[in-house]
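Colleague: TrEMBL feature annotations, pasted as is:
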type: TRANSMEM; residues: A:7-24; note: transmembrane segment
type: TRANSMEM; residues: A:30-49; note: transmembrane segment
type: TRANSMEM; residues: A:56-77; note: transmembrane segment
type: TRANSMEM; residues: A:83-108; note: transmembrane segment
type: TRANSMEM; residues: A:120-137; note: transmembrane segment
type: TRANSMEM; residues: A:157-179; note: transmembrane segment
type: TRANSMEM; residues: A:191-207; note: transmembrane segment
type: TRANSMEM; residues: A:260-281; note: transmembrane segment
type: TRANSMEM; residues: A:311-328; note: transmembrane segment
type: TRANSMEM; residues: A:348-375; note: transmembrane segment
Amino acid sequence: MSERMRNTTLFGLVAGLILLTGIMQSWNSALLIVNMGLISAIMALGVNLQWGFAGLFNVGIMGFVALGGLAAVLVSMPPTTEAWAAGGARVLAGLATGAGVLVATILVRRKMRPGSLRGLVTLALLVGGFFVFRAVFDPGVEAVEAVNPAGTGYLGGLGLPVLLAWPVGGLLAAGAAWIIGKAALGLRSDYLAIATLGIAEIILAVLKNEDWLARGVKNVNGLPRPVPYEVDLQNDPGFVGTVQGFGFDPVTASSITVKLGYAGLFACVLLVILVAAQLALNSPWGRMMRAIRDNEVAAEAMGKDVTRRHLQVFILGSAVCGIAGAMMTTLDGQLIPTSYQPLRFTFLVWVMVIVGGSGNNFGAVLGGFLIWFLWVQVEPMGLWLMQVITAPLAEGSALKAHLLESAAHMRLLTMGVILLLVLRFSPRGLIPGK
Amino acid sequence: MDVLNALVALSNFVLVPALAYGSQLALGALGVTLIYGILRFSNFAHGDTMAFGTMVTILVTWAMQAAGIGLGPLPTALLAMPFGILGCMALVLVTDHAVYRFYRVQKAKPVILVIVSIGVMFILNGLVRFVIGPDDQRFADGERFIISARTFKEMTGLEEGLAIRTTQGITVVTAVIVVALLFWFLNRTRTGKSMRAYSDNEDLALLSGINPDRVVMVTWLIVAALATVAGVLYGLDKSFKPFTYFQLLLPVFASAIVGGLGNPLGAIAGGFIIAFSEVTITYAWKKVLGYVMPEGLEPEGLVQLLSTDYKFAVSFVILLIVLLFRPTGLFRGKSV
């Protein structure tokens, strides 16, 4: 079988699986899988850019995805005018002070000669600056959070169209990636892994605790949508007439229409990123990246600035993850910081990339869809399996109840087994890179 | 000014908890650092290995409690811990045989082994949740305090009380015993010396007739014991929840890297550095400063530098500082 045939068959198989879901369960759940699959595919493309192109080991995907979600809130929610009046300026001034202290410290360090005096001055600047920052910042935060804490209690967003949040999410993630890359790239690969793991936890901690920013664990609900609401469609006589003409139930049809709308938007983004990644892979830049990945010493000897290129591709990949994060929050219509789990948002994306085929963009997309499909469907399958296994057990036995209850945790186990099997027997993935 | 009361308050809220937490981190970091030194990869499954060992211990503890076996004032879990260690040893030997060995023979790149360990992490995580469920489990029994705050106040007549929980005492004592045993093993026994030789220079060690399979097996066994002890102590001191153990990965790794990956002494130092900074930076200093500062200068606010939810940020920032200024760690670890 030729390579093209093989790949088409693989994509066809995954499409078939999703179609099967539509026929056996419902078209609603099939479209849900498609939508999240599209987003997962974009995340996998971002990680593939870092791992497959450049061999960078990033396990902070969750943080970049969460930053994208934050962008969705900051861009699309209406501003809380009372909160801005109460303490907005003070909060901004506080943030500026904090940034100023950091910049001043860096400048002073550059001016001074290395030695113990420089260390002392740095420490004094940082500690003193921290207290000044808190003195300016804290009253502002208190004032903002005191404004109608049950309803808003945060600064709100800019009130712009939510589609604008997608590129902004990419920019936010790129900024975070720049900071982390500056510090950890150029060191050993494991260090980058731990550093990214850490920054993801910190971004999450900030999202959970800084209520003035995005309401923390109180969540932000009701983000504006780029597609119409189901209720509006159901009340629209034109829409109802059209779908009834085809013989569909208006309620089901409206929710499917909305999901199709999202799917269309996501597919456009995926297509753009996929084309860009594909062009990049086959460009001189892509060849250089692969050369660096395969032999850093040789590439450096050829005059390539390895650390700079690594930083570049690290920022690009993280930005793609940020875009996907903003899209996901748009789809959910709410930002729930507690729902971000590293196993689900970082390590699952890794499974997608490895299973799909690292270094191949189509592989990443395929992995995104396939693994997401399994992630969703393993739970009902596991439950069914458990029911079959426990069928001979007496009704009401503790073991049976425990086994049935634990079936939900089968998906982690399955993902681990899939990852290990692929790594062992087909280490280059389903669609290997060249 | 009241130095004595300040000191007691400081010990009660900062020193004692940090000492216990630091011991737990140090034991965890020792496991990570040993794997790194001998097998040469960062084991992402370490948090879940800890969780697995603890889970076995908890199950045995429950069985013992049901059978009426106990240690009186000490927690029953101490009696169950050897079983947990054995269970964990069996687990790591099985994973090594079924998973890691293949890549070792192939001489795969360290980063591939890291990804493999992520797969193992998924499986262990699922397994632990599958058996014991994702919820909080408390399994500490026996006497709660060595000294309770009230007894201390009555004894000394001070305003501040100093409470030392049994679990904190046990943690520190156990950690000291385990670390002493480990260092005795590494420095005095033949197998321990061959492990250090293998870690320093693999080729030279092989040339001098050291059996690599044996070294690797012994390493896994020691790591399983360390992980179980660390996990049980942490669970006794706080509580057992699979997700928390997964999250311990970050401070544990931070400790190992700050001390210097591959260096056991560094891992211990790193554990205490991380623990003390986490606790001091997230502690509200109002009470202590209230005693020490002169009349009229007492702080009004809580004087809490960062809210406790940012404790991950603390370990991370220390990690970053060390990486920037001394990339091999404070105690000159390996750099592969």
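Glycine is no exception: its Cβ is also placed from the backbone N, Cα and C atoms.
TrEMBL does not curate its annotations; it predicts them automatically.
Note that this is a predicted model, so its numbers are computed, not measured.
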Colleague: Hey, would you say the transmembrane segment (A:56-77) packs against the transmembrane segment (A:157-179), going by three or more CB pairs under 8 A that are 6+ residues apart?
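Modeller: Between the transmembrane segment (A:56-77) and the transmembrane segment (A:157-179), contact is present.
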Colleague: Before we move on, state whether the transmembrane segment (A:260-281) and the transmembrane segment (A:30-49) share at least 3 Cβ pairs under 8 Å, counting only pairs 6 or more apart in sequence.
Modeller: yes
Colleague: Using Cβ atoms and a strict cutoff of less than 8 Å, what residues sit near the transmembrane segment (A:120-137) while being 6 or more residues removed from its termini?
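Modeller: Counting only partners 6 or more residues beyond its ends, the transmembrane segment (A:120-137) has Cβ contacts under 8 Å with 90-91, 93-95, 97-98, 100-102, 104-105, 108-109, 112.
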Colleague: Between the transmembrane segment (A:30-49) and the transmembrane segment (A:83-108), are there three or more C-beta pairs closer than 8 Å, counting only pairs 6 or more apart along the chain?
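Modeller: These two segments do not touch.
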Colleague: In terms of Cβ proximity under 8 Å, which residues at least six beyond the ends of the transmembrane segment (A:157-179) contact it?
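Modeller: Beyond its ends, the transmembrane segment (A:157-179) has Cβ neighbours at 63-64, 67-79, 199, 203, 223-226, 265, 269, 311, 314-323, 325-327, 329-330.
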Colleague: Can you work out which residues elsewhere in the same chain, 6+ from the ends of the transmembrane segment (A:7-24), have a Cβ less than 8 Å from its Cβ atoms?
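Modeller: Residues 1, 30-31, 33-34, 37, 362, 366, 369-370, 373, 377, 430-431.
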